[in-house]
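Report on the following structure.
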Amino acid sequence: MKKSVFLGALTLAGLAAGTAMAQDSSTLAAVKERGMLKCGVNPGTPGFAAPDASGKFVGFDVDVCRAVAAAVLGDSEAVEYTPLTSAVRFTALASGEVDMLARNTTWTFSRDVDLKNTFVGVNYYDGQGFMVPKDLGVSSAKELGGATVCIETGTTTELNLADYFRVNNMEYEPVPVESFTEAQTQFLAGACDVYTTDASALAASRASFENPEGYVVLPEIISKEPLGPLVRHGDDNWGDIVRWSLNAMIAAEEYGVTSANAAEMANGTDNPEINRLLGVEGELGAMLGLDNAWALNIITQVGNYGESFEKNIGENTPVGLARGLNAQWTEGGLIYSPPFR
Amino acid sequence: MTTLSDPPQDQGFRLSQLIYDTRYRSITIQVIAMIVFMLIAAFLIRNTIINLSALGKDINFSFLSSRAAYDINQQIIPYTSNDPHWRAALVGLLNTLLIAILGCILATVIGVIAGVLRLSKNWLTAKIMTVYVESFRNIPVLLWILAFMAVLSESLPAPRAFRGEDATASMWFWDSVAVTNRGTYVPSPVWGSGSSVVIIAFLLSLLGIWAFGKWSNRHFEETGQHLPNFWIKLGILIVPTVLVYFVMGRPITLSYPELKGFNFSGGLHMRNSMLALWLALSFYTGSFIAEIVRSGILAISKGQTEAAFALGLRPSWTMNLVILPQALRVIIPPLISQYLNLTKNSSLALAVGYMDLRSTLGGTTLNTTGRELECMLLMMLIYLIVSLIISSGMNIYNKSVKLKER
């Protein structure tokens, strides 16, 4: 009996040591060996990441995961999604439970530097807003003194909220909630007057209400929330892959490469930048340790940045977001990819 | 011819005795088990340190003195978002202790009542208590907490409903209590100047009641005369305090909740998160305490009841004077673990947004600073200390009620 316990303990220790060692090797090799990308996403923000009727995750953030899977494995469906609450996301990434996060996460100094994450870019420029029921008769956030505010704990929005009300000398009553869905339930039940989070998520949440006309999003945007995908420190090659997968989607839109015409353009075009992007010219894929058709796979399987935007959160969807800051730099927005050279 | 059962010669200690000699074998096994345990512990600690340094993280508690930057709705001590993280943790700890103390009191009251009533001869009462105990005991406490919260926030009116001419909701008890889906607002005392005199008078009258009780017991033993104890005690409790209250010019007033802006202001705001957590924990733990109380009572032999009845004691006196004091000896030790359970279960508070230690130090602080290991270690240490204090306090009480052996 004693012996079996001892042997059991040895096995356990051996297994634990094995896991500890596996983490040191490269993420790219691990993903390729597994044949599956593990991606951390939001458990349910319509438009950004939410399960569809068949239980498959779809959305704007989900498309970043799919793009990386298409680049690395050649198959945008080879993704295992892990729904993560805002409270556990960084721990899940740091512990290797997921390979990357695409979970509307705000890029901040301390998250980048102190929490040892690498933010690889911004896929949505957002800001924190407020939503109130229309019959409250409030037209500006400055009139919210004394209000009860539903707020997701462990987010940057919680800190912005505290600062905004303190600077404007207003009292408020925070009602901390654990998840997006819980916040909606409380808000709809009238347990709080105001729901505050990123403006994009407010729009998404309003779209899912039974009576969206009964609620208004106030005009004030009280913070900068650049949302983007991130990976953990220590594997720069993997960081590059995620960064340039996102950039490939952005550049494709800029050069007019779409899921419809990408295969045709891959036969060669006059534009050397497009040729390098699609792997006709140069060895960009090999530099990343990927197939040279990596970006072509992304664009044919997932689409370019604009296509993903219009399909998931654009003005013709229930979420109905305008491009605004998220238009290409050529059209007055902030979306900008460094050159593929 | 020598006998075969010669006593073994003392040949000194041989190594094989460590395994084959029963005198040493148990020690050998313990030593091996200890070494294995230490090896596993050392491995885990080393693994943690290596993994942390691979991630470039160190163990550092200096984040506790940096600015917390978030707000907490229920504060027992003053706190603003400019205060450091340790103070946020302290606010959370006090909220945890508040819910633990309130919960233990209410759970005990509920448990004792339900436990006694479950033994009632009244069929309906006994069955109702059985249903209560079995339904609460057999459903996870987290579900009860969420259920209470859902009932409170979905079924009660929003403060808006109290507004205007055609208000759909109204306040209770002559406009002094407002029950809303954000919490219950009750009048709170405002301590004006001179109120300390009233409080001192009140404390003195409590002392007076205690002194009178002692004197009246002695008087009863000496003369056999029953005094109307209850009425005299009630008189001592009320009359001097009320006199002083009016003499001092009514220094203590009540602040009533009033609908101002979005919410009620004034009075005491008992948030629904607190009420839901408090009620759910109390009813849940109360169902366990009910069973403990019932088993304690059943442990007292029926002869005691019969003897008390034979002496002519009424059933209520029999319970209070004969059965319960003896039953306490059986009840107290398992009761301690129920109090500890309630305190630890209060860490489920985050589910309803009650800002306890788990939600401040282990929630927002952990998330915004990213110091998971430090926050978790600190939190475990604090819960350990709180639990040890509760159990040592209860052990002292246990010593005072247990059977005195002479």
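Here the Cβ of each residue, glycine as well, is placed from N, Cα and C on the backbone.
The following features are taken from TrEMBL:
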{"type": "TRANSMEM", "residues": "B:24-45", "note": "transmembrane segment"}
{"type": "TRANSMEM", "residues": "B:88-117", "note": "transmembrane segment"}
{"type": "DOMAIN", "residues": "B:93-394", "note": "domain 'ABC transmembrane type-1'"}
{"type": "TRANSMEM", "residues": "B:138-156", "note": "transmembrane segment"}
{"type": "TRANSMEM", "residues": "B:190-213", "note": "transmembrane segment"}
{"type": "TRANSMEM", "residues": "B:234-256", "note": "transmembrane segment"}
{"type": "TRANSMEM", "residues": "B:276-300", "note": "transmembrane segment"}
{"type": "TRANSMEM", "residues": "B:321-340", "note": "transmembrane segment"}
{"type": "TRANSMEM", "residues": "B:376-397", "note": "transmembrane segment"}
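The stretch from B:24-45, B:138-156, B:276-300, B:376-397 that makes the most Cβ contacts under 8 Å with the transmembrane segment (B:88-117) is B:276-300. In this chain, the transmembrane segment (B:321-340) touches the transmembrane segment (B:276-300); three or more CB pairs sit within less than 8 A of each other, excluding pairs fewer than 6 residues apart. With a threshold of 8 Å between CB atoms, the same-chain residues lying at least 6 positions outside the transmembrane segment (B:376-397) that come near it are 61, 89, 93, 96-97, 100, 332, 335-336, 339-340, 343-344, 347, 357-358, 361-362, 366. Taking Cβ pairs closer than 8 Å, the transmembrane segment (B:190-213) reaches residues 229, 232-233, 236-237, 240-241, 243-245, 248-249, 251-255 in its own chain, all 6 or more past its ends.
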